[in-house]
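Scroll down for the structure; my scribbles are underneath it.
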Amino acid sequence: MTIALGKFTKDEKDLFDIMDDWLRRDRFVFVGWSGLLLFPCAYFALGGWFTGTTFVTSWYTHGLASSYLEGCNFLTAAVSTPANSLAHSLLLLWGPEAQGDFTRWCQLGGLWAFVALHGAFALIGFMLRQFELARSVQLRPYNAIAFSGPIAVFVSVFLIYPLGQSGWFFAPSFGVAAIFRFILFFQGFHNWTLNPFHMMGVAGVLGAALLCAIHGATVENTLFEDGDGANTFRAFNPTQAEETYSMVTANRFWSQIFGVAFSNKRWLHFFMLFVPVTGLWMSALGVVGLALNLRAYDFVSQEIRAAEDPEFETFYTKNILLNEGIRAWMAAQDQPHENLIFPEEVLPRGNAL
């Protein structure tokens, strides 16, 4: 008896095969299965943001003007978070809050929940798109892994942090000035700049910028002479098969500058991947900690001595006073529904006063 080994082929294509052929067809803009998640979610997230910043007020949720229609500009317009009283409601258009009324839904902050959720799924869809394309052209999936850093930051800041607090109200609104105010809030209420996870995030992002600048300059400096052109771009031939720069020369240069240098390209480029992605993940972990109200570094001995000795003050104790001022001002302004009134004697003052 003979057993034939071979690839099983179906006589005719089923619906899945037809869909797969169409979605993964070679075209100018790749769609793919990930596109079924990415494109609708990105469209709705961006559309919701443009709609909110153009037309929708924040009067009912924050007591603010936040749209172009009310006189804001690109830096001050925002899609604001729902009111504190709505807690963690999903704010569905057909839910008990809006009851199908689109105008009321916008007034309650429904667009923020809409943009945040669709934005998160759009980012995940973009990462899956990189996985799918990498698999199609037989690349390793490090682009997608790197993009997990921005996704982690977005999800931790816009979703996990407010879930740990009393409601979506305490998430950032989607706007430039709104994000700045959220950063001030993080500093005043969480002392974020003295949080070790924030420090690792700053080191990762700024370190990555430094690495990019050094790497780009080094490659430009060690390019081979490919032709008689007047500059790098005229002389460069995009179809040449050989390498365009000298790793040996670059290694020798940085060995003389620093005493150490990367010995091969794999280690160099992995390090350029590792530094920013690790920084972003550390920042995301720190924000998850803030969602649970974990504290940053506290130098209590300095605070006690500053309270006892009017002549003793450090940059740390000055910053603690500044944080108290931020809390005293922002709490009353951002949460008018709480009717917070601080008497003059509890407002922070420097030791000199």
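Any Cβ shown, glycine's included, is placed from N, Cα and C.
In the three-state DSSP scheme, HIS118 (chlorophyll a ChlzD2 binding site) falls into the helix class. Taken from Swiss-Prot, the feature chlorophyll a ChlzD2 binding site applies to HIS118.
Sequence-distant contacts of ASN143 (pheophytin a binding site), defined as residues of its own chain at least six apart whose C-beta falls under 8 angstroms from its C-beta, comprise GLN130, ALA134. Annotation source Swiss-Prot lists pheophytin a binding site at GLN130, ASN143, citing sequence analysis.
Summarising the annotation, Swiss-Prot assigns chlorophyll a PD2 binding site to HIS198. The Cβ of HIS198 (chlorophyll a PD2 binding site) lies under 8 Å from the Cβ of TRP192, SER283, GLY286, ALA296, each of these being in the same chain and 6 or more residues away along the sequence.
Per Swiss-Prot, the feature plastoquinone binding site maps to HIS215, PHE262; the stated evidence is sequence analysis. Cβ neighbour count for PHE262 (plastoquinone binding site) (all protein chains, 10 Å cutoff from its Cβ): 19. Secondary structure from DSSP puts PHE262 (plastoquinone binding site) in coil.
Per Swiss-Prot, Fe cation binding site is recorded for HIS215, HIS269, and the stated evidence type is sequence analysis. Counting every protein chain shown, the number of other Cβ atoms lying within 10 Å of the Cβ of HIS269 (Fe cation binding site) is 14.
As annotated by Swiss-Prot, N-acetylthreonine applies to THR2.
Here Swiss-Prot flags THR2 as phosphothreonine, drawing on experimental evidence.
Per Swiss-Prot, transmembrane segment is recorded for 41-61 (among others).
Sequence annotations record features per position, and here Swiss-Prot assigns transmembrane segment to 125-141 (among others). Outside the transmembrane segment (125-141), and at least 6 residues removed from its termini, the chain residues within Cβ reach (under 8 Å) are 24, 30, 32-35, 37-39, 41-42, 147-148, 151.
Among the features that Swiss-Prot reports, transmembrane segment is placed at 153-166 (among others), with the record citing sequence analysis. Within its own chain, the transmembrane segment (153-166) has Cβ neighbours under 8 Å at 81, 84, 87-88, 116, 119-120, 123, 172, 280, 283-285, 287-288, 290-293, counting only residues six or more beyond its boundaries.
What Swiss-Prot lists as transmembrane segment is 208-228 (among others).
Among the features that Swiss-Prot reports, transmembrane segment is placed at 279-295 (among others). Outside the transmembrane segment (279-295), and at least 6 residues removed from its termini, the chain residues within Cβ reach (under 8 Å) are 148-150, 152-153, 155-157, 160-165, 186, 190-192, 195-198, 200-205, 207-208.
For the pair PHE262 (plastoquinone binding site) and HIS269 (Fe cation binding site), the Cα-Cα distance reads 10 Å. According to DSSP, ASN143 (pheophytin a binding site) is assigned to a helical segment. In the three-state DSSP assignment, the secondary structure recorded for GLN130 (pheophytin a binding site) is helix. With respect to Cβ neighbours within 10 Å, the binding-site residues HIS118, HIS215 differ, and HIS215 shows the lowest count.
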